[in-house]
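Engineer: Copied straight from TrEMBL:
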ACT_SITE  Asp74  active site, proton acceptor
BINDING   Ser10, Arg11, Asn12, Ala13, Lys14, Lys15, Ser75, Phe157, Gly158, Tyr159, Asp160, Lys180, His185, Arg186  substrate binding site
BINDING   Asp74  Mg(2+) binding site
Amino acid sequence: MSLTRVVLASRNAKKIAELRRILAVAVPQIEVVGLDEVPPYPDTVEDGATFAENAVLKAREAAEISGLPAIADDSGIAVDALNGMPGVLSARWAGRAKDDEANLRLVLEQVADVPDTRLGAAFVCAAALVLPSGATHVVEGRMEGSLVRDPRGTNGFGYDPIFLPSGSVLTSAEMTAADKDAISHRGKAFRALAEVLATTLTTA
Ligand SMILES: O=P(O)(O)OP(=O)(O)OP(=O)(O)OC[C@H]1O[C@@H](n2cnc3c(O)ncnc32)[C@H](O)[C@@H]1O
Ligand SMILES: [Mg+2]
């Protein structure tokens, strides 16, 4: 059986590792092709107002350039006390450098005066599939939880050291990869997208 090749339109190595892991389990009939295997192109401008819009922008550009079906993830953390911010601005919250440590430090500063009882937050992930025909599918996943003021753990990436998933005593940076994938926004979104991939690509 030949595997269907699908481009993964992400330039974040740690996110890519999570996605490859989730997809290998959820949709083994695809071969995930990295952006290093398609003609080079500049970073997609992520100027959408929503995670879904940005995920579609990234997948569409990769599909156009490669001529292959493409998938993309746009994700971030939405903090209740910050009215849902950093949201789509999560990757660059502390500036253009995309510095995970600086980003989470800035969020912690911004919630310094917020009572512990109002530290609710959620990770959100939009997963998009764009076919060479332009046909587009997008689904979303969420992981609810709250912020902790002292970062803990070295697994994962981004805001994981300050995020306590609901019902967990471990931050998402203290969890094993498999435990994070089982409950994460990304796991949920891409397991849902896997169902779309399985039907769309086998009937194409
Ligand atoms: O756009 P690509 O190339 O995929 O890579 P990126 O890092 O720029 O990705 P996004 O634009 O989707 O921004 C997502 C940011 O949100 C944060 N984030 C998303 N998912 C996360 C997770 O599972 N754990 C911790 N932080 C996460 C983290 O800071 C990411 O850089
Ligand atoms: Mg990005």
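Glycine residues also receive a Cβ, built from the backbone N, Cα and C atoms like all the rest.
Buried or exposed, and what's around them? Tell me for each listed feature.
Structural biologist: Asp74 (active site, proton acceptor) has a Cβ environment of 30 other Cβ atoms inside 10 Å.
Note: Ser75 (substrate binding site) has non-local neighbours Lys15, Phe51, Ser90, Phe123, Val124, Cys125, Ala126, His185, Arg186, i.e. same-chain residues 6+ apart with C-beta under 8 A of its own C-beta.
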Engineer: Anything within 10 Å of Asp74 (active site, proton acceptor)? Look among the binding-site residues Ser10, Asn12, Lys14, Gly158, Asp160, comparing CA atoms, and list what you find.
Structural biologist: Ser10
Engineer: Does DSSP give Asp74 (active site, proton acceptor) helix, strand or coil?
Structural biologist: strand
Engineer: Which one of the binding-site residues (Ser10, Asn12) has its C-beta surrounded by the most other C-beta atoms within 10 angstroms?
Structural biologist: Ser10
Engineer: Rounded to a whole angstrom, what is the largest C-alpha distance between any two of the residues Ser10, Arg11, Asn12, Ala13, Lys14, Lys15, Ser75, Phe157, Gly158, Tyr159, Asp160, Lys180, His185, Arg186 that the record assigns to substrate?
Structural biologist: 21
Engineer: Inside 10 Å of the Cβ of Asp160 (substrate binding site), count up the other Cβ atoms and send me the figure.
Structural biologist: 25
